[in-house]
Ligand SMILES: Nc1ncnc2c1ncn2[C@@H]1O[C@H](COP(=O)(O)OP(=O)(O)O)[C@@H](O)[C@H]1O
Ligand SMILES: O=P(O)(O)OC[C@H](O)CO
């Protein structure tokens with residue numbers, strides 16, 4: 001009887017269940033989108049129950065599609081949109097508020113207040129992060145401060161907090177396990193990434209009771225079994241957890257110091273493996289835990305771009321100038337350049353290297369000759385320019401010049417974007433055969449824990465390149481285009 005690993009990839013816009021075989025190949029995929037709530041400008045929320053039911057539906061569908069029984073699944077790996085915060089009642093298992101999404105800006109005031117009190121340095125030193133609404137800690141505080149009765153319940157030990165991994169393991173295990181892994185904990189603003197403990201002083205500042213927090217475990221180990229009635233009469237070990245960007249780094253087999261990947265999903269996230277050492281950034285990158293495997297943790301440097309593929313969704317759903325994401329390539333290809341048009345999609349502020357949460361989106365260089373094609377192309381190009389900002393910071397901090405950049409995520413199917421990316425970076429871009437590297441990374445982590453794969457060496461051999469995009473643009477032209485982008489960003493930031 002052939003065996004498989006089931007990977008649950010809970011992303012910002014959709015949940016996916018993907019079944020992998022022993023060769024690390026995709027056997028079947030199921031995907032469900034769910035509702036995005038924008039209750040106020042800059043706020044983004046999800047319904048945690050809808051996330052759970054979307055995951056359940058995907059699990060059922062993927063097994064049915066592959067004609068595989070639960071008995072053939074030797075382990076489940078979970079990977080998730082990170083930072084998104086859920087708080088639920090321990091007694092009822094029901095969330096007391098919507099999940100506050102990583103993109104949401106509703107804790108800007110809390111962050112500003114903490115920054116004004118001079119706490120940024122302390123948080124940065126211990127967590128590798130910054131006092132920005134992006135991270136979970138201030139979202140938990142916001143829920144406790146704003147939901148009626150929440151603070152009292154939390155103080156009585158009646159509430160639990162979790163990122164989406166924690167929430168899913170809790171639901172899959174029938175409430176038996178309240179756990180997370182190092183990679184997710186390192187995104188909360190409450191976890192000391194050097195002591196590997198919840199930081200009591202930071203918790204006091206954030207007024208979050210420690211009793212709410214999950215137990216932090218390795219990224220590859222058995223945390224609990226699924227309860228059989230949710231999993232078709234069979235218990236399956238949940239054996240891998242990692243935040244989606246760290247999972248992608250693992251799935252891209254970036255196991256050596258200095259190897260990096262960039263994932264183009266809702267946002268764009270570049271991570272570089274820095275080994276056993278957490279490198280402190282001087283250029284706006286985050287220091288984060290990559291994973292804990294075999295009793296050891298490894299670190300990564302990260303550049304976070306808040307709006308990437310979601311800018312393409314905005315062209316589709318907001319402006320309604322394209323019908324679907326792939327069409328962005330068709331329109332962009334109809335023109336040779338944007339003719340000086342720049343779109344800066346700072347819809348929820350700007351992340352690395354600017355960390356400007358009050359900036360908002362802007363368009364520059366419009367003329368009477370600007371067409372839809374130029375506009376679409378400029379939006380696509382903004383993904384590449386933002387990535388160039390991040391790579392420059394990465395090179396400055398690490399001193400490592402990348403030989404190539406491994407890429408993945410929904411938008412890398414766009415060949416024009418990938419070629420432009422390589423042109424703007426002046427670095428070859430490698431797109432692997434398995435584009436679902438986030439899910440693959442979680443599958444690997446789970447598979448290692450249950451002995452499905454023997455070790456990282458076996459996994460690294462499975463990585464295969466599908467296509468390399470080599471730089472073709474002259475350096476002077478590259479500099480000219482990128483200088484235009486920098487001017488556009490600078491101008492965007494003055495409009496507040
Ligand atoms: N051909 C394409 N060109 C540009 N963007 C694309 C293309 N296909 C998908 N996308 C973008 O990729 C994103 C989906 O990627 P995915 O990795 O599934 O994201 P997430 O995990 O954040 O939900 C969407 O924002 C979509 O707009
Ligand atoms: O859902 P994605 O793939 O855009 O990833 C979101 C990140 O984990 C946010 O930090």
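Glycine residues also receive a Cβ, built from the backbone N, Cα and C atoms like all the rest.
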- Message: Among 134, 170, 182, 299, which residue does TrEMBL annotate as binding glycerol at the site that also has 82, 83, 244, 245?
- Response: 134
- 12, 16, 266, 410, 414 bind ADP per TrEMBL; candidate in 309, 369, 455 listed for that same site: 309
- Just checking, which of 309, 410 (binding-site residues) has the fewest C-beta atoms within 10 Å of its C-beta? 410
- Message: Give me the CA-CA distance between residue 14 (ATP binding site) and residue 266 (ADP binding site), in Å, as a whole number.
- Response: 10
- Filtered by Cβ distance under 6 Å to ligand 1, the binding-site residues 13, 16, 82, 83, 245, 313 reduce to 13, 313
- Task: Inside 10 Å of the Cβ of residue 245 (glycerol binding site), count up the other Cβ atoms and send me the figure.
- Result: 30
- Note on the structure: Candidates 82, 134, 245 (binding-site residues) passing the 10 Å Cα cutoff around residue 12 (ADP binding site) are 82
- Item | Pairwise Cα distance maximum in Å, glycerol-binding residues per record: 82, 83, 134, 244, 245 | 15
- Item | When distances run from the Cα of residue 414 (ADP binding site) to each of the binding-site residues 13, 82, 83, 244, 313, the nearest one | 313
